[in-house]
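The block underneath contains the structure these notes are about, expressed in structure tokens.
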Amino acid sequence: QNVGRNERIIDADQTFSPELRHWRDVFWLAIFIIHLIVLGVLLAIFGLNRFKTADRLNIDRYTEGFWENNNGLTETYWPKYAVAGGVGTGLGCIWLLLLGSRANQMMKVSVHILTTYLAVISVLCFWCEQFFWGVAFATGAALQFLYVIAVIDRLPFTMLVLQKAVKLVWSLPEVTRVAYAFMAVMLLWMGIWSFGAAGVVASSRGDLGRWWLLVVLSVSLFWTGAVLCNTVHVIVSGLVFLVLLHGGRNASSMPPNSLMKSLRYAVTTSFGSICYGSLFTAAIRTLRWEIRGFRSKIGNNECLLCCVDFLFQLVETLVRFFNKYAYVQIAVYGKGFNRSARDAWELFQSTGVEALVAYDCSGAVLLMGTILGGLITGTCAGVWTWITWRDRVIMVGSTAMLMGMVLVGLAMVVVESAVTSIYICYAEDPSLIRRWDPQFFNQMSETLHQRLQHRSARAREVLTQNQLDSHMQDTFHL
């Protein structure tokens, strides 16, 4: 209120309105379904060709020109992926079980342990004479360390937001059941995916063609995992939004069967928008976090600052059309993805809440937990592979890490959904947050006021510097 924010009263009748529910982004829905069918057939072929008998389907003759073929079998590597699926599922389930009591401590551990874990894996890669991967993990450890140092002052507020989001999610036990259900669906698909991936790993040794094929399969798994994660995101954020809007889970005005309505819309009319947004949102968000952290530590290097500012403005433009807050608008109002993202971002900018969103690092903290879970999963599968087939450690370990990240991410997304819903509600109508948790509302308002003052001071500083530079240039010309 003190920073001049306009309160917006939400029309509760519009939430989950069947009249507003039309099929959105159908083209991307069709692309995703076709991609699953085609990939499923290819995975079955790759896996069966090496199952129990080498070259069972007699397709090695078509690959002689671009990769080496040997007598490896699918069942040699499939159990390693089964371990990865089991470890990833176990970590995701542990996260959900400890959501109410130890979630805050687990997130702190993720932030501080990830750098050390990356460094340890880098040392192991060098020890196994995998110099490229050793350098890659060492670079990741350095970037992670620099990022944490860059945002260390933001972590107290970030942990506060995450703590309140966990509190909100913990009051809705059906949310964890949704996460478990989608984790089971993801495991079924991973069974098919790992069968084909194991066949690819068994087919050849040390050739570039097989690596490119695994990259394509990994991109497909990432997209599929992102779609399932964002489907959970839409389901949970829709329910959380309604709980905040109506003042509680048991409020008399709460629509009946809210969870089932949110689930039905997420997997039908809004599924195309989810498929579309899942292609780009995660990559753009990650790039934005890294640029923000790097930008805050550049100092007075004008040349480097100019280059980073150009990238920053480019990414900020993309964020208008691809941001995670779009999923709340999709869940509640059934809009298309681009319109939802644009409306959410314009809402934040018009109310000033964008300054608070930019200051918060909750998404990055949850991503750190997801990466840590993936690394643990990849390490377990990689160690077993190293004992039996040392030349396939990186191949199996890297793909197993991706499997673990997807499974742990399905557990993490329930908290991220609550965070996004909190910010959307705060921008739409701050009284919703004040009614839910008055102390938290005051803390958010105070932090927002401080961030807007900081931005205003920075703007005045830049303006003064520009005027001084212009005056010095005029003096020089005279």
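Note: Cβ is positioned from N, Cα and C throughout, glycine not excepted.
Look at TrEMBL and you will find 26-48 (among others) tagged as transmembrane segment.
If one looks beyond the transmembrane segment (81-103) by at least 6 residues along the same chain, the residues whose Cβ comes under 8 Å of a Cβ in the stretch are 162, 166, 169-170, 176, 179-180, 183, 187, 190-191, 194, 197-198, 369, 373-374, 376-378, 380-381, 384, 396, 399-401, 403-408, 410-412, 414-415. Feature annotation from TrEMBL assigns transmembrane segment to 81-103 (among others).
Feature annotation from TrEMBL assigns transmembrane segment to 109-127 (among others).
Taken from TrEMBL, the feature transmembrane segment covers 132-152 (among others).
Annotation source TrEMBL lists transmembrane segment at 178-200 (among others). Residues 40, 42-51, 74-78, 80-82, 84-85, 89, 92-93, 96, 210, 213-214, 217, 220-221, 224-225, 228, 231-232, 235-236, 259, 263, 399, 403, 406-407, 410-411, 413-414 of the same chain sit 6 or more residues outside the transmembrane segment (178-200) yet have a Cβ under 8 Å from a Cβ within it.
With a threshold of 8 Å between CB atoms, the same-chain residues lying at least 6 positions outside the transmembrane segment (212-245) that come near it are 10, 12, 15-16, 32, 35-36, 39, 43, 168-169, 171-172, 174-175, 178-179, 182, 185-186, 189-190, 193, 196-197, 200-201, 254-255, 258-259, 261-263, 265-267, 270-271, 274-275, 277-279, 281-282, 324, 327-328, 330-332, 395, 398-399, 402-403, 405-406, 409-410, 413-414, 416-418, 420-422, 424-425, 432-433, 436. The transmembrane segment annotation in TrEMBL covers 212-245 (among others).
Under the heading transmembrane segment, TrEMBL lists 265-287 (among others).
Tertiary proximity for the transmembrane segment (364-387) is limited to same-chain residues at least six positions away from its ends with a CB under 8 Å from its CB atoms, namely 77, 80-81, 83-84, 87-88, 91-92, 95, 106-107, 110-111, 113-114, 117-118, 121, 128, 144, 147, 151, 155, 158-159, 162, 286, 289, 393-394, 396-398, 400-405, 407-409, 412-413, 415-416. Residues annotated as transmembrane segment in TrEMBL: 364-387 (among others).
Taken from TrEMBL, the feature transmembrane segment applies to 393-426 (among others).
Long-range contacts of the transmembrane segment (109-127) within the same chain: residues 133-138, 140-141, 144-145, 148, 155, 365, 368-369, 371-372, 375-376, 379, 394, each at least 6 residues beyond the stretch ends and with a Cβ under 8 Å from a Cβ of the stretch. Within its own chain, the transmembrane segment (26-48) is flanked in space by residues 56-57, 59, 74, 78, 192-193, 195-200, 203, 217, 220, 223-224, 227, 271-273, 275-276, 279, which lie at least six positions past its ends and keep a Cβ under 8 Å from the stretch.
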